[in-house]
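Student: Structure incoming, see below.
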């Protein structure tokens, strides 16, 4: 009972943080004007293309995870792995980071694979994503460093930033929070696992499975493809609005970075922090307030609607196509 109460309180806490940031961002925006922009100015063909690229990234993630699982224990059915990934994204909308445990539990139940080894493979996968994020950040800084420093040096406090008074301070807070949380979470999980006797070896086997892969080049391809699709999702969405259609590839790369940092903050679906990071970045590239807010609202809403649809369908289909197997630990 106490555990359930704590889970509910945790859910409400994270949701309150995200909702609070979101309300803070949008409280002075006219909802009817934003709705008018979305209804009359958006070319939804580009949003559909963005969602298609999102599905491709999810499928690539499933195939990459399948490689690690096969190396650690056995080959899984690709559609089971894909549905587990879709369910994981849906679970993250309920409670931050819950998706990682959920996809391991779901796949372990239906594929009769060690839950602990699956957790190890997810840890290896997340470490790969961390390396990729660092590389993307490095690339973005190397390409746009002069613009970033010029903007901060010459524009901070000017009218362009005054229209986003929360922008850079909130961005800094989000980056700091995301970094601290990511490191704390990783270290905490590492210590917990090491304390469990008999479990550490299976976890290590899953975690180190990437080193033992027979086809490392394919694993690298999937990793690059996932992030290329992430970039594509952001970039093609620019063409959905006239105000953002002229933004460059460099702008797409920077928004990929800032949006990813916003998603690291432990709130459901990145709501609030993701919007803050993206809107502030759009302001840096000269996008005015109204279309910037509309763009963030539209893209985030469309992506999360996709997550809900795929997650619910997978949750329903999973037990229909798989006999329930006893989970092993």
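Each Cβ is built from the backbone N, Cα and C atoms, and glycine gets one as well.
Unlike curated entries, TrEMBL annotations are predicted automatically.
The shown structure was predicted, so the numbers you read here are calculated from the model rather than taken from an experiment.
Okay, so TrEMBL annotates it like this:
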- 7-26: transmembrane segment (TRANSMEM)
- 46-65: transmembrane segment (TRANSMEM)
- 127-148: transmembrane segment (TRANSMEM)
- 168-187: transmembrane segment (TRANSMEM)
- 218-241: transmembrane segment (TRANSMEM)
- 247-265: transmembrane segment (TRANSMEM)
- 277-299: transmembrane segment (TRANSMEM)
- 305-324: transmembrane segment (TRANSMEM)
Student: Is the transmembrane segment (218-241) packed against any residues at least 6 beyond its ends, judged by a Cβ distance under 8 Å, and which are they?
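Tutor: For the transmembrane segment (218-241), the nonlocal Cβ contacts are 37, 41-44, 46-47, 49-51, 53-54, 56-57, 60-61, 63-64, 67-68, 128-129, 132, 136, 210, 247, 249, 251-253, 255-256, 259-260, 291, 294-295, 298-299, 303.
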Student: Give the nonlocal contacts of the transmembrane segment (7-26) in its own chain as ranges (CB under 8 Å, at least six residues past its ends).
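Tutor: Tertiary neighbours of the transmembrane segment (7-26) are 94-96, 166, 170, 266-273, 275-276, 279, 293, 297.
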Student: Looking only at the recorded stretches 46-65, 247-265, 277-299, 305-324, which one has the largest tally of CB-CB distances under 8 Å to the transmembrane segment (127-148)?
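Tutor: Looking at each of 46-65, 247-265, 277-299, 305-324 in turn, the most contacts to the transmembrane segment (127-148) are made by 247-265.
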Student: With an 8 Å cut-off on Cβ pairs and a sequence gap of 6 or more, do the transmembrane segment (277-299) and the transmembrane segment (247-265) reach 3 or more such pairs?
Tutor: yes
Student: Please indicate, using numbers and ranges, the residues of the same chain that are 6 or more beyond the transmembrane segment (305-324) and have a C-beta under 8 Å from a C-beta there.
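Tutor: Long-range Cβ neighbours of the transmembrane segment (305-324): 51, 54-55, 58, 79-80, 82-84, 86-87, 89-91, 93, 106, 109-111, 269.
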